[in-house]
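Participant: Here it is: the structure, laid out below.
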Amino acid sequence: MPKREDIKKVLLIGSGPITIGQAAEFDFSGSQACRSLKEEGVQVVLVNSNPATIMTDPEMADSVYIEPLDARIVEKIIEKERPDGIIAGIGGQTGLNITSELAEMGVFEKYGVQILGTPVEAIKNTEDRELFKETMLRIGEKVPQSRAVHTLKEAEEVVEELGLPLIVRPAYTLGGAGGGIARTKEELLEITERGLRRSRISQVLIEESVLGWAEVEYEVMRDANDTCIVICNMENIDPMGVHTGESAVVAPSQTLTDAEHQMLRSASIKIIRALKIEGGCNIQYALKEGDYRIVEVNPRVSRSSALASKATGYPIARVTAKIAIGMALDEIINSVTKNTPASFEPALDYVITKIPRWPFDKFVTADKTLTTAMKSTGEIMAIGRTMEESLLKAFKSLDIDSQLGNKRWDEHEVKTLLKTPTSERLFVIFHALERGMSVKEIAELTSINPFFISKIKKIVEMEKRIRTEELTSELLREVKKLGFPDTRLAELTGKTREQISDLRHDAGILATFKMVDTCAAEFQAATPYYYSTYEDTCETNPTDRKKILILGAGPIRIGQGIEFDYCTVHAVTALREEGIETHIINNNPETVSTDFDTSDKLFFEPLTMEYVMNVIERERPDGVLVQFGGQTSVNLALPLKKELKRRTDLDTMIMGTDPEDMDLAEDREKFYVLMQKFGILQPEGGYATSQHEAIEVAQRIGFPVLVRPSYVLGGRAMEIVYDEIDLERYMKEAVRVSPEHPILIDDFLEGACEIDVDAVCDRKDVLIGAIMEHIEEAGVHSGDSACVIPPQSLSEDVLAQVRDYTRKIALGLRVKGLINIQMAEKGGKVFVLEANPRSSRTIPFVSKAVGLPLAKIAARVIAGHSLKEMGYTDEPKPKHVSIKEVLLPFDKLPGADPVLGPEMKSTGEVMGIDYDFGRAYYKAELAADNLLPLTGKVFLSIRNADKPELVEVARKLQAAGLELMGTRGTVNYLAQHGVFMDTVKKVHDGSPNVIDMMRRDEVDLIINTPTSKQSRRDGSRIRRAAVDFKVPYITTIQAASAAAAAIETMKKGEDLTIKSINEYHKEMGL
């Protein structure tokens, strides 16, 4: 069936901000779908609220709307653009939910829009838990016994029917949000209440437990001709009871018998046919001794399909998009081999391992147990010839400190941790085997297949040999083949990494590279995608062209998000446009940078010195770029420079800003000297290596002070400390964070306005991309604060000072490429807080707001062009207001207090654009799922320091027609200023208090600013309840003031502007 000629214009819905359960995989699949449709001559209209994505670049689609993913707004875009069809399954759960809502609202009928690919019926039959169960039973497939419920009373009845434990799965939610495992009746009611609130149709499925069964996934594809193929099968190392996004996963499955594989393969094809899904789909099974149950079907591109795409090299999203416009699998050419049709099933001659990356280093109080609801923010993937090699490379890729076996647990802890799955379980298995526990005992405690435990045992036994035997070249060859990195060998033998590396080279033990080609080398591949191993033949052939290697950003985690992948992709694109051969090394399967056709060569490897050097030794690039991959690649800059200097046989150099200059900016003392030279103000500060010194410095500066370790990303272990007791507690916890670095103590500029600047420098001129004014005050991490372009309250004098400082610092640090500078303004004076001569997390937002691709411009500067010759000298002046707001993951992390501070907590971001601040801020909050109410009740409970600013906020809210209520202190204070409202009991004074009111849906907005740590308990319970009951909440007075301004604007009845980013840029003359 050739492409449909009646489909000329297609609307694609993106997935919105990165959140737990929905990470960068949808940018990767969305970008692939956009390109796939454009190849077929179809016009693409894209809507997504997340500016940090490649898919929202103006050139990716014919019209790009960065607007809230809200059904009413998408309807306005449909009214304006009149697309012929819409593809729902590319934007993850968000895309499916909005498509279902629009269908229910009758929008598609009204405007004659067809749903392409998977029909709404199929979405309903998979997402509505009751319909799904009926469909499966109708075709004779087995599902766990279950019942869909809509009330707590119905949930109680299920306990009588099915007994405990039970699994709760809400309908239409993401990453298992709101679900969980209930082992008692109380737990069941608590999880069900949470799940009913989360579900779009207030429905949860309560099902019998298949805990301990193996979890296996099949990635399947079907076209309108009913041709079906199985792309990949994957096996979770963790058994059922842990969400697949939380489990370590291997592909292809390792423990299935051929009979089991054929049984599940046949079931998969039967299911996708029965559901009439067109495109890619993911089916999850529980398997036990030849018996199976179907757990769920995702009728869309998912996190698992991104993994399957990278594991096999098969571009699932690209093919799905072509099927949606009527093409058949045998008409679509496999873009990796360029000569086989997409109907050929991929074959693998290697093993991949995926391990999630969790944010528990940021949320110390959050519950670390892994359940059916996701908590991880990102993941890594590793490729090896054997299970052991793949697993060891995966551990190396995680970029966390828990090097194998460095953590110690006692016997009781080991048994507890094996029984309950946590983020450390794989490390605990290592430790248990080292202690002599048997494979059988560990398998019984964990329900993990003994096959996987025996593979880990093989690694543990090899470690014993390395410790006790002489490291001969035979043993070294054997351990490298097994996958041991040089750093681990150095630890086990008491040598340095360099010594191990030299031993290898002397013995001629060098890494070789194998190709991922979708067909186990049966056909010639056209798009090179490689992994390293230790075998005889090497499949990569270096060219003589000028080439540059770019280091990627690794797994998505808090503090290091998709923004750095965005910068990496832009740098690659710019260099390829210059005719330079460009290579990427990265290990994140969810991103655009690891797509098969982003770079000239892709190396799927851990981002460590050894693996980077392996690529350099083989390919001999002219230069390496480290400034685009965030802290991960910046941390490699100095060591890599030293290693390249040590290796006289290599001519490769680090391009862009010199690592020594990057280090100067990171080293507070050296940087302070530079600032003094330029006469630039900095907050008063000092550093300390002991508790005694810390107290002395803090007393000299005066409390409150901001304390942090040196060299950190995303403000880890950073805190505002108000008194000596607080400081003593911090010193006990923080000195562990970085033993060899002192702790920094700065004057905390209370009430200052924070400013961010992104710029490009070519060592002669400086291009300022934008000056951003933060909405939250200094003291909230810049990555967690909303910010606005252009600044709304900074005077011309202050802006002139900011521009002057930016130029001096960029030229003073000899920056070649990007630089981000954070400043704060207090009383008309500008203080510089820090400078980072590398890509920053605001680059994508700035690029979209002002229409300048800063990362591309920086890459061209590094390639040798000057800003002047490219015509980039003036700071852009947008006519519109752009606001970046963040997405906080508290709803997925029970137990964490939803409060902002100097340590970064957000996972993703959204953007609101309009012609005035009020409407832009309203859009940003709507996009961040924090809808500001225009009617209803607002609860206020504010710390004393914020009360003077509250009066104006309360007046605006009352004038807009909202009812106010608050706790006694706030009510009395406002009454003295002529604002009267109802009093509500404090939480610890008993009922009825605000939490009771939230439970009864009687509160529409919570404004609660936290007091000092000790008396936060009440506030913490209110904020936590707001998250659990899905009530919009605000925790800073600045955000409350911005919200009041937005509500005031919206009540004037002005419509929101619906315009594409292309139109906004056109108005700027771009």
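From the backbone N, Cα and C atoms, a Cβ is placed for every residue, glycine too.
Sharing the record's features from Swiss-Prot:
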BINDING   Gln284, Glu296  Mg(2+) 1 binding site
BINDING   Glu296, Asn298  Mn(2+) 2 binding site
BINDING   Arg708, Asp747, Leu749, Glu754, Gly779, Val780, His781, Ser782, Gln822, Glu834  ATP 2 binding site
BINDING   Gln822, Glu834  Mn(2+) 3 binding site
BINDING   Glu834, Asn836  Mn(2+) 4 binding site
DOMAIN    672-863  domain 'ATP-grasp 2'
REGION    1-399  region 'Carboxyphosphate synthetic domain'
REGION    400-540  region 'Oligomerization domain'
REGION    541-931  region 'Carbamoyl phosphate synthetic domain'
REGION    932-1070  region 'Allosteric domain'
Participant: Any idea what the Cα distance is from Glu834 (Mn(2+) 3 binding site) over to Gln822 (ATP 2 binding site), rounded to a whole Å?
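Facilitator: Counting only the Cα atoms, the answer is 5 Å.
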Participant: Report, as a single number, how many Cβ atoms besides its own are within 10 Å of the Cβ of Leu749 (ATP 2 binding site).
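Facilitator: Within a 10 Å radius of the Cβ of Leu749 (ATP 2 binding site) lie 22 other Cβ atoms.
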Participant: To the nearest Å, how far is the Cα of Leu749 (ATP 2 binding site) from the Cα of Asn836 (Mn(2+) 4 binding site)?
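Facilitator: Given the Cα positions, Leu749 (ATP 2 binding site) is 20 Å from Asn836 (Mn(2+) 4 binding site).
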Participant: Using Gly779 (ATP 2 binding site) as the reference point, find which of the binding-site residues Gln284, Glu296, Asn298, Asn836 has the shortest Cα-to-Cα distance to it.
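Facilitator: Comparing Cα positions, the closest of these binding-site residues turns out to be Asn836.
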Participant: In this structure, which of the binding-site residues Gln284, Asn298 has the fewest other Cβ atoms within 10 Å of its Cβ?
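Facilitator: Looking at the binding-site residues Gln284, Asn298, the Cβ with the fewest others within 10 Å is that of Gln284.
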Participant: Under 8 Å Cβ to Cβ from Asn836 (Mn(2+) 4 binding site), same chain, six or more residues apart: give me those in sequence order, or none if nothing qualifies.
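Facilitator: Asn836 (Mn(2+) 4 binding site) has long-range Cβ partners Ala665, Ile819, Asn820, Ile821.
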Participant: Under a three-state reading of DSSP, tell me whether Gln284 (Mg(2+) 1 binding site) is helix, strand or coil.
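Facilitator: Its secondary structure by DSSP: strand.
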Participant: Between the Cα atoms of Gln284 (Mg(2+) 1 binding site) and Arg708 (ATP 2 binding site), what distance do you get, rounded to the nearest Å?
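Facilitator: Rounded to a whole number, the Cα-Cα distance is 44 Å.
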Participant: Looking only at Arg708, Asp747, Leu749, Glu754, Gly779, Val780, His781, Ser782, Gln822, Glu834, which the record lists for ATP 2, tell me the maximum pairwise CA distance in angstrom.
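Facilitator: Value for the max Cα separation, rounded to a whole number: 18 Å.
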Participant: Here's one to test understanding: among the binding-site residues Arg708, His781, Gln822, whose C-alpha is closest in space to the C-alpha of Asn298 (Mn(2+) 2 binding site)?
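Facilitator: Minimum Cα distance from Asn298 (Mn(2+) 2 binding site) across Arg708, His781, Gln822 lands on His781.
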Participant: Under DSSP, is His781 (ATP 2 binding site) part of a helix or a strand, or is it coil?
Facilitator: coil
Participant: I'm checking region-level scores; what's the whole-number mean pLDDT for the region 'Carbamoyl phosphate synthetic domain' (541-931)?
Facilitator: 92
Participant: Give me the Cα-Cα distance between Arg708 (ATP 2 binding site) and Glu296 (Mg(2+) 1 binding site), rounded to a whole Å.
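Facilitator: Between the Cα atoms of Arg708 (ATP 2 binding site) and Glu296 (Mg(2+) 1 binding site), the distance comes to 45 Å.
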Participant: Same-chain residues six or more away whose CB lies under 8 A from the CB of Gln822 (ATP 2 binding site)?
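Facilitator: Correct list: Glu754, Ile755, Asp756, Val757, Ser782, Val832, Leu833, Glu834, Ala835.
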Participant: Measure the Cβ-based neighbour count of Glu296 (Mg(2+) 1 binding site), defined as the other Cβ atoms within 10 Å of its Cβ.
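Facilitator: Here the count is 17.
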Participant: For Glu296 (Mg(2+) 1 binding site) and His781 (ATP 2 binding site), determine the Cα separation and express it in whole Å.
Facilitator: 39
Participant: In which DSSP state, out of helix, strand and coil, do we find Glu834 (Mn(2+) 3 binding site)?
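Facilitator: It is in a strand.
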Participant: Going by DSSP, give the three-state secondary structure for Leu749 (ATP 2 binding site).
Facilitator: coil
